[in-house]
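Engineer: Quick one: structure below, then a few questions.
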């Protein structure tokens, strides 16, 4: 199945035809960049009726071929009986299971015209068997009948292909889009948001490629799709790292990909043999989303949990006996934290200017601020700009704590130079006239300093606000209006943090200003540098970040795509329950793994689908299926002999049930997960047609040639087969009438699947 997926997902680039405008002649148009579109080499309908049908029906087809060859080109009962029994189970039992699985809501077949063609051929195929075996040449299959039976397969493929393309309808694309949109409107579960629309658009493009080519199929970083999705995901989940955001985006893309029946067949087989990982990306994504939901405050997420000093510089004067510094926590403070602080010499020396100190501070949960007191040496020679430092270091924090040191983790304790106040009065002003920050930095920090010494020590309050220049408040940064900053105690140089909004757009530099409005006491004034300009520059790494996100999304999407394992990984997965997900394995999983292990391990040596475009895996897998089918045929005959059951009955019941079991689970999963009914029941009729035209046409052709060469007729006793075909044909016609009635009549919900439980 993975090999067929690899083969049929092969794509090619075609040049998009540029139409000439009315005002400019085609030959005089300016040079335009050529545009190409990625399209599948295989038409989905053709692929479904050829390789996909051959893969899913390989046991029935090969059983019929092996039986005839093994019986010296005499017809047997197992092969034809299995085909008829499998067709009956597929048409009646699988369809009934899918109808019940959906429940009260309804699902319709989207490509209904193609379904009508395959339904006609599916019924005609068995009528043709009756005509051949009972009317034209009773109990004999002539050479021309065998050739015609096989040719009907080609006619089926061509007719379905033409109906799919609607070669008679020039407006086919517009009509199809209208039909699909109408169905999608009725099946949509919730209104689409912009991010959902973008994800669906890209997911549809990814649906046409295999896992190995998924990175190439993703839009280039310069294109709008990836940029918009990366930006929107970052806005929805601002607290998550880029890797986690890429994982969520990849999961959403994978969920919105258009699935074909192969995917559901692969999933069903792997679940039946305990080869499907139960702990998939869905659980990881849910955990990430729950983690984001715990902390909805985006500002605290951008600033992240930090601990630092409340000021960068603290002032001391010769008459001071000690200096008090404050340490503050910002952001999430739910966990306890142990902090170490220590004094370090500068121009000021220990024991000459201050007494050295090294201690730990313990912050309890929700405790936001603590003070540190450093004793100074009496009579020390404190000259202007004499300085020593106090360093912070995180020693320990509780499990789950993510607090880190902030920018001001080193405090400067110095004797200020009072001559810097030219007016002779104490004032406050900005340290610099301009600051530059990147758009993705989260916040920008501007520093304010005091100049001069007040006559009496007291706290100083400074009012400030921000003002737009080319940047827009609330779009490019979070503004302040008449805000207040306090210089407490010996704090001399403090800071203001302005949150910068990253809109993920690559744009021109933008500026805003921070202006000091005044102080709350008469003694302190505003200095000359009362205004500073902040320039937000476009992040040079925007394109690089988007490129990395694109690569991460491609990596996770490849992991989510079946059939990407190497030879070594195939063998390891085959030897493990649930492909290595042992922690979530149940007793039933272990039992199923034990029963399937010999087959899983043996077939793990089949070449991986990634080799030679999937063809090597496809051929080797068909040979392996043929070997298993030969064993199944012998066991079925022996079992029938032991219990006294004819081969025809064994084939139409036990063998047919066994070969149809994977299709049953695949259809059930498709009915539960798809918005349309095509993958659930739409492919059943096509599969039945292929079973007859290939499963009987090919062995009949080989045997007819063999007996024609010997000058003898190829005898096929109608017997039980003719009776079974007649019963099946009658009930298949009734089934199709009921199915169409369910689609057309409101009393059934106007859908093939689901609908009201009681009329």
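Each residue, glycine too, has its Cβ placed from N, Cα and C.
Predicted automatically and left uncurated, TrEMBL annotations should be read as such.
Pasting the feature list from TrEMBL:
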type     : residues : note
TRANSMEM : 83-102   : transmembrane segment
TRANSMEM : 114-137  : transmembrane segment
TRANSMEM : 143-163  : transmembrane segment
DOMAIN   : 298-393  : domain 'Calx-beta'
DOMAIN   : 410-517  : domain 'Calx-beta'
TRANSMEM : 615-639  : transmembrane segment
TRANSMEM : 690-709  : transmembrane segment
TRANSMEM : 721-741  : transmembrane segment
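So that I understand the layout, could you describe where these features sit and how close they are to other parts?
Structural biologist: Summarised by DSSP class, the composition of the domain 'Calx-beta' (298-393) is 6 helix, 47 strand, 43 coil.
Across the domain 'Calx-beta' (410-517), DSSP classifies residues as 3 helix, 57 strand, 48 coil.
Remote same-chain partners of the transmembrane segment (690-709), defined as residues 6 or more beyond its termini with a Cβ less than 8 Å from a stretch Cβ, comprise 49, 53-54, 57, 60-61, 64-65, 67-69, 73-75, 79-80, 83, 86-87, 125-126, 128-129, 141-143, 145-147, 149-150, 152-153, 156, 716.
Residues 77, 80-81, 84-85, 87-88, 91-92, 95, 119, 122-123, 126-127, 129-130, 133-134, 648, 652, 681, 748, 752 of the same chain, all 6+ positions outside the transmembrane segment (721-741), place their C-beta atoms under 8 angstroms from a C-beta of that stretch.
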